[in-house]
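First the structure, in the form of structure tokens, and then the observations on it.
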Amino acid sequence: MRPLICTDLKKLTHWLLQNLPVPKVVRQDAFRSWKWKNLSVSMVHSVLTSAWALTCFVVSPELLSNIRSYNTPLSYLLVCISTGYFVQDAADIILTGHAKGSWEFLLHHAVVIWCFLYTLYTHLFIAGAVIALFVEVNSITLHLRLMLKLASAQDSSLYYVNKFVNLITYVTFRLSAQFYLTWYLSSNYSSLEHSGYFLTSIMVMNIMILIYFYRLLRADFFPRKTHFAGQNGVHRNNSKKFLSD
């Protein structure tokens, strides 16, 4: 069953990449073209896993209180597929030569992969992984934001609406999920296996999401004037940094 699901997901992703329109400004730039394809795959993962994780919660609300031992075939398969995605995305970044400019994503993926592999091997903390995947609700709006920037559509109505939805989902699903897991690990530190590693890992993630939250607020709500010339108000050499903000 699992191989069939993975095969169907690959077919769906391939179909989307082949049939969805790509803006002209994206097609004309190699980095933007790669980033568009990468974000398209990430968008499929976010839509799927966010709906899946929320379904797990609706079906079994006890996952919030039984983070250590909760485990169902539905939740376990979700963590399996998500782990595969993060491995694939990390490999794509490295093999296409974008590791240096995407080190933040690689660090994030490394922490997630290590934690998820532990849960898959031990069948423990599956609920924690599911709660961590609540952040994928926010990832949908984050990916849409970056894709609109790639398409030079920062002045569009869609970008304007999305930046507020993105802010709400960032606080509701990303910050809240991370801080809930931090609270749980801190409160049950002495009774959980390998709690030190998990708490350290989640603190690294917390620092990263808070830094990105600051950058997000600065870029979308408190933009600074720039003196760079060129498309989108940035110099060619700064395009990669621009697209990551």
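Glycine is no exception: its Cβ is also placed from the backbone N, Cα and C atoms.
Now, the feature entries from TrEMBL:
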type	residues	note
DOMAIN	31-225	domain 'TLC'
TRANSMEM	76-99	transmembrane segment
TRANSMEM	111-137	transmembrane segment
TRANSMEM	158-177	transmembrane segment
TRANSMEM	197-217	transmembrane segment
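The recorded stretches the transmembrane segment (197-217) and the transmembrane segment (76-99) do not share 3+ CB pairs below 8 A when only pairs 6 or more apart in sequence are counted, and are therefore not in contact.
The list of residues near the transmembrane segment (76-99) in space but at least 6 beyond its ends in sequence, with Cβ under 8 angstroms from a Cβ of it, reads 2, 5-6, 9, 31, 34, 38, 41-42, 45, 48-49, 52-53, 56, 105-106, 109-110, 112-113, 116-117, 119-120, 123, 126, 129-130, 133. Sequence-distant contacts of the transmembrane segment (111-137), counting only residues of its own chain at least 6 positions beyond either end whose CB sits under 8 Å from a CB of the stretch, comprise 45-46, 49-50, 52-54, 56-57, 63-64, 66-72, 75-76, 78-80, 82-83, 86-87, 90, 169, 172-174, 176-178, 180-181, 184, 193-194, 198, 201, 204-205.
Mean per-residue pLDDT, taken over the domain 'TLC' (31-225), amounts to 93.
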